[in-house]
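What TrEMBL lists as region 'N-terminal catalytic PFK domain 1' is 1-390. Per TrEMBL, domain 'Phosphofructokinase' is recorded for 18-323, 403-688. For S164, I165, D166, R201, M208, G209, R210, E264, R292, H298, V299, Q300, R301, the entry in TrEMBL reads substrate binding site. Marked as active site, proton acceptor by TrEMBL: D166. The feature region 'C-terminal regulatory PFK domain 2' is assigned by TrEMBL to 403-784. Among the features that TrEMBL reports, beta-D-fructose 2,6-bisphosphate binding site is placed at R472, 529-533, R567, 574-576, E630, R656, 662-665, R738.
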Amino acid sequence: MPDNKKFIENLSGTGKCIGVLTSGGDAQGMNAAVRAVVRMGIYVGAKVYFIHEGYQGMVDGGDNIKEASWESVSSMLQVGGTVIGSARCKDFRTHEGRLRAALNLVQRGITNLCVIGGDGSLTGANLFREEWSGLLDELVQSGEISEEASQIHSALHIVGMVGSIDNDFCGTDMTIGTDSALHRIIEVVDAIMTTAQSHQRTFVLEVMGRHCGYLALVSALACGADWVLIPEMPPKDGWEEQMCNKLSENRADKKRLNIIIVAEGAIDQSNKPITTELIKDLVVRCLGFDTRVTILGHVQRGGTPSAFDRILASRMGVEAVLALLEASPGTPACVVSLCGNQAVRLPLMECVQMTQEVQKAMDEKRFEDAVRLRGRSFENNLNTYKLLSHRKIDSELPHSSFNVAVLNVGAPAAGMNAAVRSAVRVGITEGHTMFAVSDGFEGFCKGQIKEIKWGDVGGWTGQGGSLLGTKRTLPAKHIDKIAEQMRIHNINALLVIGGFEAFESLLQLFDARSRYEEFCVPMCMLPATISNNVSGTDLSIGADTSLNAIVETCDRIKQSASGTKRRVFIIETMGGYCGYLATVGALAAGADAAYIYEEPFDIRDLQSNVEHLTEKMKTSIQRGLVLRNENCSVNYTTDFIYQLYSEEGKGVFDCRKNVLGHMQQGGSPSPFDRNFGTKISAKAMQWISKKLKECYREDDGHVFANTEDSACLLGMRRRALVFQPVIQLKDETDFVHRIPKEQWWLRLRPLMKILAKYKTSYDVSDSGQLEHIIRLRTKDISAI
């Protein structure tokens, strides 16, 4: 074992006590974080205490601080809000209140705190830590604790997790609860769109975000809103006329509805509030449109957490416990956070200071600074929204004379349509003529290629499946005819959106360049597959929607199993040979096991799982959930596992099986997939424009690109969006099983096992580096 490897087995929490509390406004996913802290804490041998009602419970003590058990966090994962309660606490703001809180913690031996809340809650925790030794001295002097107790509990360690639907905390790409709040908003917007369309109405929607426009901005991106108003970027003077012109242009373009999204803290250049009523009156007065206002309010905080929030909170909860175990008296209070797809630790006060700087910049009307301080993720969203929403008149457009074709290849994935819409609109803005190919390469060879205009893709973001049509056919079969069609339509660049077949297609086209000059053009592929099995990317368009469908079904099945008691469900998921959906679905649904191809298993493993479930049935949690990837084993089929469990569990539990099938492929895309598809597609089109200019030959007026870096896949790698030549990804791919040779999510499997009470080895070498937010700011983080 290499020296630089660090394993969970070598970290012990014996003798340590961890207190976990939720504070400030509630957010969906807080319970998943509490559950992960409790189970990971118990797993490493520590005692974990619930501190009910936030800081108020810490100050009041008594029954508010209770030891947690493994079973006490069962069934929490799928519940919104926070089951341990949260409260705004005035007492904790006083020195006297903090003194009482310190006494209550020392009496129980708690010197490790995990605080889940917003920047106010985390700032309070840091102040408490700084005052800790002084508070203990006071308690010794008043005779409430002994000198010995003061020595034993001399250092207080604090780790924060940000739970806030507003996503208003600097240093983290996503706070716990933001994705779920976006789910609520998008559900409402999708519903409103159908009624608005019927009556040709304009809807003004107010979403939460007093000081932060993230929810408004991303929901506007995800539903293709006509106008968005956020506090960080107030509209320029004369915006009222501009907005009304845009709305009437859209109506003239046969669009039957308008959606305007307003953050509750929206302001104009003079820092005056822009209210929904003000906008409604403006639209009615200037345009006479039938206009309605909907204020979403606390609906956004409610409901069950999304799959993304459950995974995020579970990963952060485990990371928080690791940070507490590794803390020394000199370690500053830190926040565990997500940067791209990477868990990081950041000094708490650096994040808080930067968050406060945003507000300061807004107060001083330095709005561009405010956007920059919010971070790369926010900036990217804003730039993409600007790119897609403001249609330029033909005279304003650069004229490129390039033709770019876009097509879908492989199985449908939710979010494909959002990617196509984004590509078409960005392409038109860049001055290109955009062509849509129906039915993948099968349609390509038949000449099913037609020009696609700005208005043709209106309303596409929220549509599931593939509106262009998609087929699994690879181009090699029809390479002559495809080359001919490229020539007929003078196609200068290709954007291929799809899964493993799209990857294989690009390799075949790259290979055909030596024989056909028609394929010597810039080509880019965007990964879109529910299986998430393409090399070169951590995430694919469509996988998040599919995960949510799996998790929603698992929640219902768990409810059914809880009602009948002593029942185990075997659930089969899609994914081909890739175990992503089964593994990450199991983590998000709180399953007991997940069988996948990448981690071979035998009859002994099945036996040990049955024994584990038999033990579980003796506790208060009398139900089981087991996920199985469709191709995990030729012989250990779903039926076999079902029959084995039924036989071995006789008299202890009974068994049911459920094959989820194509429901995992359908449905309206999740906010994440709409946003991800929109952003990576816009980035891909900008890359194509750059390549077209580089590869244009002045002498004969042709585009000629035959280098490796002109046929790329755009994927998300840890922290950044990266263009990678497909030919270089060939060696990273197992073509027989259609999966990458190395997959990041396999590192999440021990996490799933630990949270299901299995002893396992867990490599934690990735965690533990305390980074600095300023350094993070300067890195090129093209975050999601």
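In case you wondered, yes, glycine gets a Cβ from its N, Cα and C as well.
Everything TrEMBL records as a feature, shown here on the structure.
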{"residue": "S164", "record": "substrate binding site", "contacts (Cβ under 8 Å, 6+ apart)": "G24, G25, A27, G117, G118, D119, T175, I176, G177, T178"}
{"residue": "D166", "record": "substrate binding site", "contacts (Cβ under 8 Å, 6+ apart)": "G118, T175, T178, M208, G209, R210, H211, C212, Y214, L215"}
{"residue": "R292", "record": "substrate binding site", "contacts (Cβ under 8 Å, 6+ apart)": "A196, R201, T202, F203, V204, K280"}
{"residue": "V299", "record": "substrate binding site", "contacts (Cβ under 8 Å, 6+ apart)": "R184, V188"}
{"residue": "R301", "record": "substrate binding site", "contacts (Cβ under 8 Å, 6+ apart)": "G25, D26, A27, Q28, G80, G81, I165, G177, A181, M208"}
{"residue": "R472", "record": "beta-D-fructose 2,6-bisphosphate binding site", "contacts (Cβ under 8 Å, 6+ apart)": "V409, G410, A411, G440, E501"}
{"residue": "H662", "record": "beta-D-fructose 2,6-bisphosphate binding site", "contacts (Cβ under 8 Å, 6+ apart)": "M574"}
{"residue": "Q665", "record": "beta-D-fructose 2,6-bisphosphate binding site", "contacts (Cβ under 8 Å, 6+ apart)": "A411, P412, A413, A414, G465, I530, G542, S546, M574"}
Number of other Cβ atoms within 10 Å of the Cβ of S531 (beta-D-fructose 2,6-bisphosphate binding site) across all protein chains: 29
What count of other C-beta atoms do you get within 10 angstroms of the C-beta of R210 (substrate binding site), across all chains shown? 10
Return the count of C-beta atoms lying within 10 angstroms of the C-beta of R567 (beta-D-fructose 2,6-bisphosphate binding site), excluding that atom itself. 21
Rounded to whole angstrom, what's the largest C-alpha distance between any two of S164, I165, D166, R201, M208, G209, R210, E264, R292, H298, V299, Q300, R301, listed as binding substrate? 33
With an 8 Å cut-off on Cβ-Cβ distance and a minimum sequence separation of at least 6, pull the same-chain contacts of G576 (beta-D-fructose 2,6-bisphosphate binding site), or say none. F500, S531, N533, E630, N631, H737, R738, I739
Counting every protein chain present, what is the number of Cβ atoms, excluding its own, within 10 Å of the Cβ of M208 (substrate binding site)? 24
